[in-house]
Amino acid sequence: MSASSLFNLPLIRLRSLALSSSFSSFRFAHRPLSSISPRKLPNFRAFSGTAMTDTKDAGMDAVQRRLMFEDECILVDETDRVVGHDSKYNCHLMENIEAKNLLHRAFSVFLFNSKYELLLQQRSNTKVTFPLVWTNTCCSHPLYRESELIQDNALGVRNAAQRKLLDELGIVAEDVPVDEFTPLGRMLYKAPSDGKWGEHELDYLLFIVRDVKVQPNPDEVAEIKYVSREELKELVKKADAGEEGLKLSPWFRLVVDNFLMKWWDHVEKGTLVEAIDMKTIHKL
């Protein structure tokens, strides 16, 4: 039975989802931080000892392999201060996470349509970490580049979110302007995926309400689905019961358990700005 049969709801498959009108934007403000130049910070790759030719990774999907070695994640300390950069590959090796305490900056996008339904994705089966788990709209990393290191009002992270929504879901930049993302908070968590890979992230939680056209990239996304609040609760129950092998990503589950329902209230009321807390880093 396919993963889609786990839902007693219509499934949005990998085709265009045409929705036209845009929704009202949310403004936000929080403590400004200074920008950082990528030239000033160390590259930690010399300390990792990982080679791209590692035969143990010969079976890795070609697209995912390229991203693992080409993408440079932003290394931070537990106060979210940038301390360097390293490859996506090195940042997700559990041996580096445990031995070197490598922590990288990340973001999680929660996109709602004008009916206040949340767009979820099931990660592709070729993903290196957490394949085929269901998660929020888009989860990725700002890269070690000038446009994504801008810290004032989390602009670098918002730029990265716009980039990855196009990469993963085919959502064009015009449909998700960077000014309409509302960063609500940050959380720090660690989660192993298997014996080799895992996550150790300082995750920015970004909310946006827009009606968008979705064209998922099969290299990144297996399926997508909009869910209401009640439908999400049923999904969580199925995951807890282990029905049909359904799994949720650990970061998504942390947000669901700690923040999502109260923030969903603000989505429906149009009061997201009242929920913003970018001073606290929640260690979960």
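Note: Cβ is positioned from N, Cα and C throughout, glycine not excepted.
Residues or ranges marked as active site by Swiss-Prot: C139, E201. What Swiss-Prot records for K88, R123, K127, S140 is substrate binding site, and it gives similarity to another entry as the kind of evidence. Residues annotated as Mg(2+) binding site in Swiss-Prot, with similarity to another entry given as evidence: H92, H104, E199, E201. Residues or ranges marked as domain 'Nudix hydrolase' by Swiss-Prot: 102-254. The N-acetylalanine annotation in Swiss-Prot covers A46, and the record cites a large-scale study or a structure entry as its basis. For 140-170, the entry in Swiss-Prot reads motif 'Nudix box'. The transit peptide annotation in Swiss-Prot covers 1-45.
A map of Swiss-Prot features onto the structure.
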residue : record                 : DSSP (3 states)
K88     : substrate binding site : helix
H104    : Mg(2+) binding site    : strand
R123    : substrate binding site : strand
C139    : active site            : strand
E199    : Mg(2+) binding site    : strand
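Cα to Cα, R123 (substrate binding site) and C139 (active site) are separated by 10 Å. Across the structure, E199 (Mg(2+) binding site) and K88 (substrate binding site) place their CA atoms 10 angstrom apart. The recorded positions close to K88 (substrate binding site), defined as a CA atom within 10 A of its CA, are H104 out of H104, C139, E201. Other than H92, H104, E199, E201, the residues of this chain whose Cβ falls within 8 Å of the Cβ centroid of the Mg(2+) site are, in sequence order, C73, C91, I97, L102, L103, A106, T129, H141, G198, H200. Counting only residues at least six positions away in the same chain, the Cβ atoms of A106, F107, A160, A161, K164, E168 sit under 8 Å from the Cβ of S140 (substrate binding site).
Separation of the C-alpha atoms of H92 (Mg(2+) binding site) and C139 (active site): 14 Å, rounded to the nearest whole number. Counting Cβ atoms from all protein chains shown, C139 (active site) has 22 others lying within 10 Å of its own Cβ. When the recorded positions K127, C139, E201 are ranked by how far their Cα is from the Cα of H104 (Mg(2+) binding site), E201 comes first. Counted within 10 Å of its Cβ, the other Cβ atoms near E201 (active site) come to 26, all protein chains included.
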